[in-house]
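Beneath this line is the structure, given in C-alpha cells, with notes to follow.
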Amino acid sequence: MRLFKKRNTISERHVKANKRAEDLVPSGLMKRCPNCGLEFFARRLDKYKTCPDCDYGFRLTARERLAWLCEESEEWFKDIQPSDPLHFPNYEAKVAAGKKKTGLNEAVWTGLAKIGGQETALAIMDPFFIMGSLGQMTGEKLTRLIEAATEKRLPVVVFTASGGARMQEGIYSLMQMAKVVNAINRHKAAGLLYLVVLTDPTTGGVTASFASEGDITLAEAHAMVAFAGRRVIEQTIHEQLPKDAQRAETVLKHGFIDRIVLRQEEKETLAWLLKYGGMQDD
C-alpha cells in the first residue's frame with residue numbers, strides 16, 4: 001500500500017546552516033552545559049557560574065573563585081615562574097598564553113586567606129593555565145605554601161583543577177607528586193588540618209597525589225574526577241565506560257570523597273570545617 005511506502009526525508013546532516021544568519025548571533029551569547037546539555041543565555045550565569053538546571057560548575061579562573069570565596073586574601077610566592085628544563089618546543093608560548101589568560105605566573109594561586117572569618121593557607125589551581133597542569137614550579141609553590149602553613153600552624157585548603165602532570169617538563173613534573181605529598185604528611189604530623197575540594201577536572205598525577213590526601217575531601221557537583229582519561233581506559237579494556245563513571249557522584253558512592261557541595265555553599269561549608277576542625281582559635 002502506498003500509505004506504508006518509505007518517504008523521502010532530508011537528514012539533519014544534509015541541511016546547510018545559514019552562515020550569514022550565524023554571523024549575526026553575537027559570540028558568547030549562549031552557553032551549553034557540558035553535563036546536562038541545557039542551552040541558555042550566558043547572562044543567566046552569576047558569579048558562581050553554575051548551570052541553572054543541574055548545578056554543574058563551569059570552570060573558573062583562580063581569581064574568579066577567590067573573589068567570592070574569601071573576604072580577605074594575600075598572595076604568596078607570586079614571583080615563582082615556570083621553568084623549561086627540557087627546552088620543549090613551543091612551551092614558552094604556552095606559558096605566555098597561560099599568564100595572559102589567568103593573570104598568574106603559574107597554574108596555582110597560593111596565599112593566606114580568610115574564609116567565613118577563618119584564617120587558612122589556600123591554594124587554587126587554575127584550569128586556564130596549561131590545563132592546570134602540575135609543573136615543577138606548581139609543585140614548588142604548593143610545597144612552600146604547605147611548609148609555611150605548618151610553621152605558622154595554619155590549616156590548608158586546596159582547590160584542585162588539573163589535567164595532570166605537565167608533559168613539557170617530563171620527570172621534573174612527576175617528582176612534584178611525591179614532593180607535595182611529603183609536605184602534606186609533615187603538616188598532618190604536626191596535627192594540622194588539610195582540606196581538599198575537587199573541581200572539574202581533577203585528573204592524572206594530581207588525583208594520584210595531593211588531591212587524594214585530604215583529611216576531608218569535598219567535590220563540586222558533576223566534576224570529573226579520574227586518573228586516566230576515558231579513551232585511554234576504553235582502549236585498554238576494550239569496553240565502554242558508563243557515562244557517569246568518572247563523575248563526582250559516582251566517586252562519592254565508592255567512598256573516595258566525603259561530600260558533594262554546591263558552589264554556592266562552599267564558603268559556608270569550608271568556614272564550618274575550619275572552625276570546628278580543631279585547628280582554629282575562636
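Note: Cβ is positioned from N, Cα and C throughout, glycine not excepted.
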When you get a sec, could you say which of 33-54, 77-98, 143-164, 253-274 is annotated zinc finger by Swiss-Prot?
33-54
Other than its close neighbours in sequence, what residues sit by the zinc finger (33-54), given a CB gap under 8 Å and a spacing of at least six beyond its ends?
60, 64, 67-68, 221-222, 262-264
Using the Cβ centroid of Cys33, Cys36, Cys51, Cys54 as the reference point for the Zn(2+) site, which residues of the same chain not in that list have Cβ within 8 Å?
Pro34, Asn35, Gly37, Leu38, Pro52, Asp53, Asp55, Tyr56, His222
Tally of DSSP helical, extended and coil residues in the zinc finger (33-54)
3 helix, 4 strand, 15 coil
